[in-house]
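I have placed the structure first, in the form of structure tokens, so that the comments after it can refer back to it.
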Amino acid sequence: MDNIKVLFLGDVYGKAGRKIISDHLPIIKKKYQLNLIIANAENTTNGKGLSWNHYQILKQAGIDYITMGNHTWFQKQDLELVLNQVDVIRPLNLMQDFNYFQLGKGSYLFSLNGLKIRITNLLGTSINLPFAITNPFVELKKLVLTKDCDLHIVDFHAETTSEKNAFCMVFDGYVTAILGTHTHVPSNDLRITPKGSVYITDVGMCGPGFGSVIGANPKQSIKLFCTGERQFFEVSNCGAQLNGVFFEVCSKTNQVVKIEQIRIVLDDEKYLANDYFNLVE
């Protein structure tokens, strides 16, 4: 039996994210002989949520399973349709009285090449949704104790590096992979932990390039930091980047035998043409 080869793609953000995945994923899949492709798609539609049309685009590009995050519930016109797809996994740790608790699932168990594989999506406590979420540490421990799978891949969608590091300390060796998402900035700490789990604080995003502020129009972000004025962030149209984590698992031992960070950056001249100095007053 061949080893399981997995690719996890960071937060898909807007048109740039959809396009770079559609253009490059077939090449990556062939190069790495992938068995399983997972992507966090919570920012796919205008930076917030996932529409039915964009769900179909990601599926056509070759993504097998989709995880979500704190923007899961923004595309309300398609919410029930998208979340009830068998391959879409929304955050697990929701309060039962949360409005959308009944839609979708937070963890999914399936078989691949004779192995039972579970994918789980969790929101960190550092995500400011106190009215909606339960503790991710407690919820994952409950799930781990069921011991119902050979491989367990966790998308931990959290704000702070400290919470993600603490999460890794708790679940090192109890799950196959802990893949941080949400901040859109790839961290430089991909590793196989002492007890054998894949860990990275943040995978990064698949979206606009360096001419954006984590995917958004820089003018609006700069204004927020200078004046405190909040407004809807437009998705930047400057360049593109793809960030992902590849890992290979031995099908005989269920141990991770190889990891690699995948990064493609396609920036353009729009970045050089912009000068934001005078936005500061």
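Start at 1 and count along the chain as shown; that gives each residue its number.
Glycine too: its Cβ is placed from the backbone N, Cα and C atoms.
Taking a C-beta cut-off of under 8 angstroms and a sequence separation of 6 or more, His71 (active site, proton donor) has the following same-chain neighbours: Glu42, Asn43, Gly47, Lys48, Gly49. According to Swiss-Prot, the active site, proton donor annotation covers His71.
Annotated Fe cation 1 binding site per Swiss-Prot: Asp11, Glu42, Asn43, His184, in sequence order, evidence recorded as similarity to another entry. When Cβ atoms from all protein chains are considered, those within 10 Å of Asp11 (Fe cation 1 binding site) total 31, not counting its own.
Secondary structure at Glu42 (Fe cation 1 binding site), as computed by DSSP, is coil. Every protein chain shown contributes to the tally, and the Cβ of Glu42 (Fe cation 1 binding site) ends up with 29 other Cβ atoms within 10 Å. Summarising the annotation, Swiss-Prot assigns Fe cation 2 binding site to Glu42, Asn70, His157, His182 and lists similarity to another entry as the type of evidence.
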Candidate with sparsest Cβ neighbourhood (10 Å radius) among His157, His182, His184, the listed binding-site residues: His184
Fewest-neighbour residue among binding-site residues, criterion Cβ within 10 Å, set Asn43, Asn70: Asn70
Length of the line joining the Cα atoms of Asn70 (Fe cation 2 binding site) and Asp11 (Fe cation 1 binding site), in Å: 11
